[in-house]
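Database features (Swiss-Prot):
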ZN_FING   16-50  zinc finger
BINDING   Cys22, Cys26, Cys38, Cys41  Zn(2+) 1 binding site
COMPBIAS  48-58  compositional bias 'Low complexity'
REGION    48-81  region 'Disordered'
ZN_FING   99-145  zinc finger
BINDING   Cys105, Cys108, Cys126, His129  Zn(2+) 2 binding site
BINDING   Cys119, Cys121, His135, Cys137  Zn(2+) 3 binding site
Amino acid sequence: MAQRDKKDQEPTELRAPEITLCANSCGFPGNPATQNLCQNCFLAATASTSSPSSLSSPVLDKQPPRPAAPLVEPQAPLPPPVEEMASALATAPAPVAKTSAVNRCSRCRKRVGLTGFRCRCGHLFCGEHRYSDRHGCSYDYKSAARDAIARDNPVVRAAKIVRF
């Protein structure tokens, strides 16, 4: 009960923090953390104080870097003469037009577009034939899983204990 009386005696009103205007008299509110400057004036002040030091650093950076070892440029092979290129083009077969991407189910030949499912056997299937038991998949999942487990979990054998 004593706690309740103590709460009743304390004032519960909220006080707004005092607003101080910018020290440069620009009319915006200042922040005590930035020496009572507004954000714009503080950024301008920090930019002006950091600019002399930034001017001296590029002068030092303008010196060319010294290479550790002399660079030796590898000689590129000379291109073959024009006559050889012409004969090579004449003997090369004509380029075959690219075939469009397969976008039909390998089982029912239904158009699947972007909704097709590519199986591990390498074929594309529709939603009905996407499972291996539905399309008679030739991929051996059991041996692939067995090999993956054997590869990822090598057998660890301790050295034989020699007793004297």
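Cβ coordinates come from backbone N, Cα and C, glycine included.
Predicted, not measured: the structure shown is a model, and the values here were computed from it.
Closest in space to Cys41 (Zn(2+) 1 binding site), of the binding-site residues given as Cys105, Cys119, Cys121, Cys137, is Cys119, taking the CA atom of each residue. For the pair His135 (Zn(2+) 3 binding site) and Cys26 (Zn(2+) 1 binding site), the C-alpha distance works out to 76 angstrom. Between the listed binding-site residues, namely Cys22, Cys26, Cys38, Cys119, Cys126, the fewest other CB atoms within 10 angstroms of a CB are found at Cys26.
Residues Cys105, Cys108, Cys126, His129 make up the record's Zn(2+) 2 site, and a Cβ search at 8 Å around their centroid adds Arg104, Ser106, Arg107, Arg109, Lys110, Val112, Phe125, Gly127, Glu128, Arg130, His135 from the same chain.
Here Cys108 (Zn(2+) 2 binding site) comes close to Cys126, Glu128, His129: these same-chain residues lie at least six apart in sequence, with C-beta atoms under 8 angstroms from its C-beta. Of the chain residues outside the Zn(2+) 3 site list Cys119, Cys121, His135, Cys137, Ser106, Arg120, Gly122, His123, Phe125, Ser132, Gly136, Ser138, Tyr139 have their Cβ within 8 Å of the site's Cβ mean position. Apart from the site residues Cys22, Cys26, Cys38, Cys41, the chain places the Cβ of Leu21, Ala23, Asn24, Ser25, Gly27, Phe28, Gly30, Leu37, Gln39, Asn40, Phe42 no farther than 8 Å from the centroid of the site's Cβ atoms, the recorded Zn(2+) 1 location. When the Cα of Cys119 (Zn(2+) 3 binding site) is compared against those of the binding-site residues Cys22, Cys26, Cys38, Cys105, the shortest separation belongs to Cys105. Distance between Cα atoms for Cys26 (Zn(2+) 1 binding site) and Cys121 (Zn(2+) 3 binding site): 73 Å, as a whole number. The residues of the zinc finger (99-145), classed with DSSP into helix (H, G, I), strand (E, B) and coil, number 12 helix, 6 strand, 29 coil.
The two recorded residues, Cys22 (Zn(2+) 1 binding site) and Cys105 (Zn(2+) 2 binding site), have Cα atoms 71 Å apart. Sorting the binding-site residues Cys41, Cys121, Cys137 by the number of other Cβ atoms within 10 Å puts Cys41 first.
Mapped onto DSSP classes, the zinc finger (16-50) shows 15 helix, 4 strand, 16 coil.
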